[in-house]
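Noted in TrEMBL for the protein shown:
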type     : residues  : note
TRANSMEM : A:12-34   : transmembrane segment
TRANSMEM : A:103-123 : transmembrane segment
TRANSMEM : A:135-161 : transmembrane segment
TRANSMEM : A:181-201 : transmembrane segment
TRANSMEM : A:243-265 : transmembrane segment
TRANSMEM : A:285-310 : transmembrane segment
Amino acid sequence: MNSNTLWLIGRRVGAAIVTLLIVSMVVFAITAVLPGDAAQQSLGQFATPEQVAALRLKMGLDQPGVLRYLHWLTSLLSGDMGLSVSNAMPVSDLMAGRVPNTLMLAAATALVSVPVALTLGIGSAMGRGGRIDSFLSFLTLTMVAVPEFLVATLAVLIFAVNLGWLSALSYASDITSPWQFMRTYALPVMTLCCVIVAQMARMTRAAVIDQLDSPYVEMARLKGVSKIRIVLRHALPNAIGPIANAIALSLSYLLGGVVIVETIFNYPGIASLMVDAVTNRDMALVQACTMLFCTAYLTLVLIADLCAILSNPRLRNQ
Amino acid sequence: MNNLIVKSPATSKLALGKGSHGSSWLGLAGAAMCVIWLLVAIFGPWLAPHPVGEVVSDNVFDTLSAAYPLGTDYLGRDMLSRILVGARFTVGLALVAAVLASGLGTSFALLSVVSPKWLDELISRFMDAFISIPSKMLALIMVSAFGSSVTLLICTAVLSFTPGAFRIARSMAVNIEALEYVQVARTRGERRLYIACVEILPNMLNPVLTDLGLRFGFIVLLLSGMSFLGLGVQPPDADLGSLVRENIGGLNQGAPAIVIPALAIGTLTIGVNLFIDRLSSRRSRRSGGH
């Protein structure tokens, strides 16, 4: 670690923060500035002009957009995310109840998908061009293209309806035993894994093959090192950076999938809260959830970037 | 100057992802699926045996039968007719959005390559900001702000997929712009519009069209996902995603009404992906890549 690397990392983190600021501007512009008059909307069309004017004043809508944005941003940063209209509760309380559930789901998915994807990716890179490899490449190509709700409905049909192993609508609020945990999480986690494993395996395969094509691997092969040893001792340590990069990037695809999966399985996480908020047009809640998701997404992309920087010896030891 | 011609990262990644020579018939199968769905989208409404909204059977969630080849839905409507009509929304909306997104992305890419540095920088930064909002999040906030309509869905898809198209088109345009014949054209005193449209565009048309196909697949997934959440195409119209949603009650009985529209979307997007993969791996082989 030297000043050069630190400077590079600092610049990357700074760029991520600037991007997040721009994202917050876009989100605020779409949800609060463009769609006309929120006061008129919440009072309905039979409100008198005086009522609308009074509510406008109360909501601060008479101020220019820039001021409202700054006010919104500062209160967001201090943890005050406003009041959810449809639930009559502070947004932060609503979200605090839901975030752990989604994190649990994400953690379980990551725990299952990463080992599976790495095995698949490394395995198909080792047998490149072979039968297993082309089958895996077809499988991953297909899984990337399949909508989450197809996987979810098929999984429910097979495991809940036909085999009767699991319950279709999964959520049990009190989880006491590991067995119950498995039953609750099996279907949502499996659905999420399908898409992510495909992405991750594809990128891992590309990263390992990139190393296997390099001269030092050819040297090792020429001096008679066994195939397993080449992959595990020579190629893999050098591919760790790109693989970590692939893992972080693939996990950011979770954000899209989790919206569908939480809805179809009735899972009380942050994404189903957001879908409800969108349906009820509960703006404060939508803004807060969007910012949370975008922050998580940008953090994962940033981690992917940092993995790539830190694993590159040329950048590290210059 | 010639060593500036590096392959764009997108095509080389696709080339790495390709399978062996067995992928040729898979590509054909993919192309066939695309053509079939395109035909269904064009002619579907005329082929439908029943009017799309008509309740034709007393049995809801009926299984496959001679009278109703794909069963009936939650109200007893004919599933085959509903899918034939719904496919037009799914394919049509996604096609319009993909063409617009790719067209806009490519135009901005050409503009930013031939224009002064500050404008290039401005466009690129703007696109970078939009690329860092996941498409589903953008779609959700757009719908929550403006309410869902067909126009809004197209706008949303264009907004979230233009930056990606721009990024790929720009990386290709930058490489082409550095080539000698473009420099010659510039020295000759050609106008910027001429350089962009006559010198650069024809040489990047193939990869741009491939990218359009990929984007079409993503947009189908995005829009049917939104419809599945009840935030996309609104009743009485229904695309394939809405068909899955409205029949979700039949899940416990294993009704074909929920499985078939979901499978329909799957075959469409898988077909597109297989076809595109085949096209791009063939091109990279021809250009001496892999």
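For all residues, glycine too, the Cβ spot is worked out from N, Cα and C.
In TrEMBL, annotation is done automatically, which means it is predicted and not curated.
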If you count Cβ pairs under 8 Å, which stretch among A:103-123, A:135-161, A:181-201, A:285-310 touches the transmembrane segment (A:12-34) the most?
A:285-310
At a Cβ cut-off of 8 Å, and with pairs 6 or more apart in sequence only, do we get at least 3 pairs between the transmembrane segment (A:135-161) and the transmembrane segment (A:243-265), yes or no?
yes
Hey, which bits of the same chain come close to the transmembrane segment (A:103-123), Cβ under 8 Å, at least six residues off its ends?
132, 136, 140, 185, 188-189, 192-193, 196-197, 199-205, 207-208, 231, 236, 243, 247, 250-251, 254, 258, 261-262, 267, 269
